[in-house]
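Chemist: Feature table excerpt (TrEMBL):
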DOMAIN    18-100  domain 'Prepilin peptidase A24 N-terminal'
DOMAIN    111-239  domain 'Prepilin type IV endopeptidase peptidase'
TRANSMEM  6-27  transmembrane segment
TRANSMEM  83-101  transmembrane segment
TRANSMEM  134-154  transmembrane segment
TRANSMEM  174-195  transmembrane segment
TRANSMEM  216-241  transmembrane segment
TRANSMEM  247-272  transmembrane segment
Amino acid sequence: MFPDNGFLVVYIYGVVFILGIVFGSFINCLSWRMANHESVRSGRSHCTSCGHILAAKDLVPIFSYLFLKGRCRYCGIKIHPRYMLTELVLGLAFVAVVAVFGISWQALSYLVLSCLLLGLSLVDLAIYEIPDSFIIWGIVNWLVFLPLQAGVIGPSELASPKALVPLEYLMCRATDGLLGGFIIAGSLLVLSIIFDKLSGKESLGGGDIKLFFMTGLYMGLFESLFCLILSCVMGILFSVLVKKNRIPFGPCISVAVFITLLIGTSVTTWYLSLF
């Protein structure tokens, strides 16, 4: 729920956007280290070209890139705009989630999921691989927030008796999520094995199937079906855009998942109402 005060609403969106670009900067660093097999637990941020340790003033999301005109302060090499765009995208994604779901446990769960989707997409773009750690944390996030979402309560009410969620609603959400995860991922696994045997080449990576399973937990069965169709459309568009036959599918799935989280319920409800 949002307050009626317009200024306060704008303030909340501003704070959410800032949090998004800050986490976007962190995800940038995390994904780069994972793709380049560097430790994610130790070591300081550094220029990927000259190796110079970056100061705090070099790490301000978006603004450092603009102030330095897209170049390293120390060696002058051009910094890829991807880093700034990643921060901007996550900032806008955070705002979109809060705009749709308000200040709620569901929104917080989706904010965490958005970070994970962005991180695995960046790694997949770099090395055509989705690390299992992103999938595991996505499942953990679902397990942690599912009971809180089922209670339909705000974070400030955590310590109240309302945090004891209705068991029936919780079981319904959990069952739908498990059906979405297992049926979609299981079907894709069977189809990919058959296609691989017939064609002699890999059709869908194991990481992509795991990603469909993890995200299916959040979306449920019908929304997962919508997401699957949307993922294929995104994949075709991405392939045409980059003019390559082999593309990392993780980013396409991630974009489709995010869109589904925002509008999937409305789309599936409308579609089912036609019958």
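The backbone N, Cα and C atoms fix where each Cβ goes, and this holds for glycine too.
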Chemist: Looking only at the recorded stretches 83-101, 216-241, 247-272, which one has the largest tally of CB-CB distances under 8 Å to the transmembrane segment (174-195)?
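Modeler: By Cβ pairs under 8 Å, 216-241 leads among 83-101, 216-241, 247-272.
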Chemist: Should anything in the same chain at least six residues away from the transmembrane segment (247-272) have a Cβ under 8 Å from its Cβ atoms, list it; otherwise answer none.
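Modeler: Sequence-remote neighbours of the transmembrane segment (247-272) are 93, 96-97, 100, 110, 113-114, 117-118, 120-121, 123-125, 128, 130, 204-205, 207-208, 211-212, 215, 218-219, 222-228, 230-231, 233-235, 238-239.
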Chemist: Between 0 and 100, where does the mean pLDDT of the domain 'Prepilin peptidase A24 N-terminal' (18-100) sit?
Modeler: 85
